Amino acid sequence: MVGGATILTFVALLYLVELIDQLTHHSLDRNGIRPWEADGLWGIIWAPFLHGSWTHLFANTVPALVLGFLVTLAGMSRFVWATVIVWIVGGLGTWLIGNWGGCRFESDHIGASGLIFGWLTFLLVFGIFVRRFWDIITGLVVLFAYGGILVSAVPVLDKCGGVSWQGHLCGALAGVLAAYILSGPERKARARRPTT
């Protein structure tokens, strides 16, 4: 119940921010992640809230609702920490490599998709790390339903604009890191068990 309300509130906030952005002629979009610029580091905080258009936000809505809710099933504490790890580590990674790949002009990375990719990969590997049947099943269902979008995390060189594969890739890697860190109690308990 709390997990569903949390995700619905987060997505509602995304819509409120986009409405304000639209009413101010996209003035907020300049607050995304700008690689290798000191003031572009602030974009790590703001980028997941910002979207280039309603279409961009609509494309992120269902995955955010579904994947975000599924991550809450691992526990609200783990959801919060997974989100923080993906948000910060994925954002920092995007800041570091965001101009890599052929673009010769300034880029501004915005959108919740880095967070979505982090939640996706968290769900894919968390079950493997904790070795719990239902978490593994959840990961397999997520792989079947959303695995195809992982293709957009593959680096595309010599192409500028459009989809931020850098944000997708860094979010995805941060999701794996979050799953590893947050599965620590189960991994340590397994290591303490005597072997026969």
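One-based numbering along the chain as shown.
Note: Cβ is positioned from N, Cα and C throughout, glycine not excepted.
TrEMBL annotations:
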DOMAIN    40-183  domain 'Peptidase S54 rhomboid'
TRANSMEM  43-72  transmembrane segment
TRANSMEM  79-98  transmembrane segment
TRANSMEM  110-130  transmembrane segment
TRANSMEM  137-157  transmembrane segment
TRANSMEM  163-183  transmembrane segment
For the domain 'Peptidase S54 rhomboid' (40-183), the number of residues DSSP places in helix, strand and coil: 108 helix, 1 strand, 35 coil
Positions whose Cβ lies under 8 angstroms from the transmembrane segment (79-98), at least six residues beyond its ends: 3, 6, 33-36, 40-41, 43-45, 47-48, 68, 71-72, 107, 109, 114-115, 117-119, 122, 164, 166-167, 169-175, 177-179, 181-182
PLDDT averaged over every residue in the domain 'Peptidase S54 rhomboid' (40-183): 92
Same-chain residue ranges lying at least 6 outside the transmembrane segment (110-130) that approach it to Cβ under 8 Å: 14, 29, 32-33, 43, 47-52, 56, 60, 63-64, 67-68, 70-71, 74, 82-83, 85-87, 90-91, 94, 136-139, 142-143, 146-147, 149-150, 153, 164, 167-176, 178-180, 182-183, 186-187
